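Here the structure is laid out as structure tokens; the discussion comes afterwards.
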Amino acid sequence: MSAPIRIAPSILSADFSKLGEEVRAIDAAGADWIHCDVMDGHFVPNITFGPDVLKAIRPHTTKFFDVHLMIAPVDPYVEAFAKAGADLISFHVEAGPHPHRTLQAIKAQGKQAGIVLNPGTPAAMVEPLLDDLDLILLMTVNPGFGGQSFIHSVLPKIAQVRALIGERPISLEIDGGATVETAPLAAKAGADVIVAGSAVFKGGPSAYAGNIAAIRKAAEAARGDWV
Ligand SMILES: O=C(CO)[C@H](O)[C@H](O)COP(=O)(O)O
Ligand SMILES: [Fe+2]
């Protein structure tokens, strides 16, 4: 029996003036994970928030905090994000020359570790890291902003990475442009965690549960038999 598809709303699309309330709302609306996008204005052309904000929203939910670091360098900040309440920390393979060292630093904090690949980065980059990973995140937009369109040319890479994972207990997450139309394509190719920002938060709090359920239903209906 394969693991269920998990939906990870990205708080990048939340109302930042009431982030605690927004986190409670997506928790109540059925989010499996809370996806937290950290941007530094250097690795990506946008700035979001750091560990202090993560720490401030942590008491608002017990759900799994999936922290996506779009920063360079990564290593000096691993401990701060771990102590702020991350359950999993992922970072970009493009962010530095020593990904094994960063994975070890995350594991040393007792946290799950993930690697992220930009749309133009080949699947083979994860191969040397497979034994140290809890999650692989494939970007389906260029990182930096919410509300962009899904890049369809990433779909074959999702299937390639699913094949590389084999029987290993590694989650395969996609991030960017996920909707009721595109999430099923990613799930069919092999993704089992779907990040969705604008597609979850559109319509305001009364729409969150319906938005999450619609993405989940579409992805579950299309999922491949890859596990
Ligand atoms: O990492 C990200 C951007 O770099 C976000 O997680 C992603 O863009 C989610 O937003 P949307 O679903 O609106 O595309
Ligand atoms: Fe993200």
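From the backbone N, Cα and C atoms, a Cβ is placed for every residue, glycine too.
Positions annotated as active site, proton acceptor by TrEMBL: D37. Counting only same-chain residues at least 6 apart in sequence, those with a Cβ under 8 Å from the Cβ of D37 (active site, proton acceptor) are S10, I11, L12, T48, H68, M70, G146, G197.
Marked as active site, proton donor by TrEMBL: D175. Less than 8 angstroms from the CB of D175 (active site, proton donor) sit S10, H35, H68, V116, L137, L138, M139, T140, V141, V195, each of them six or more residues away in the same chain. According to DSSP, D175 (active site, proton donor) sits within a strand segment.
A simple way to gauge crowding: the CB of H68 (divalent metal cation binding site) has 28 other CB atoms within 10 angstroms, across all the protein chains here. According to TrEMBL, the substrate binding site annotation covers S10, H68, G144, F145, G146, G147, D175, G176, G177, G197, S198.
The feature divalent metal cation binding site is assigned by TrEMBL to H35, D37, H68, D175.
Neighbour counts of Cβ atoms within 10 Å were compared for the binding-site residues G144, G146, G177, and the top value is held by G177.
The Cβ centroid of H35, D37, H68, D175 marks the divalent metal cation site; residues of that chain outside this set whose Cβ lies within 8 Å of it are A8, S10, L12, C36, D66, V67, S90, L137, V195, G197, given in sequence order. With a cut-off of 6 Å between Cβ and the nearest atom of ligand 2, the recorded positions D37, H68, G144, D175, S198 reduce to D37, H68, D175.
Local packing around the binding-site residues S10, S198 was summarised as the count of other Cβ atoms within 10 Å of each Cβ; on this measure the leading residue is S10.
Classification of D37 (active site, proton acceptor) by DSSP places it within a strand.
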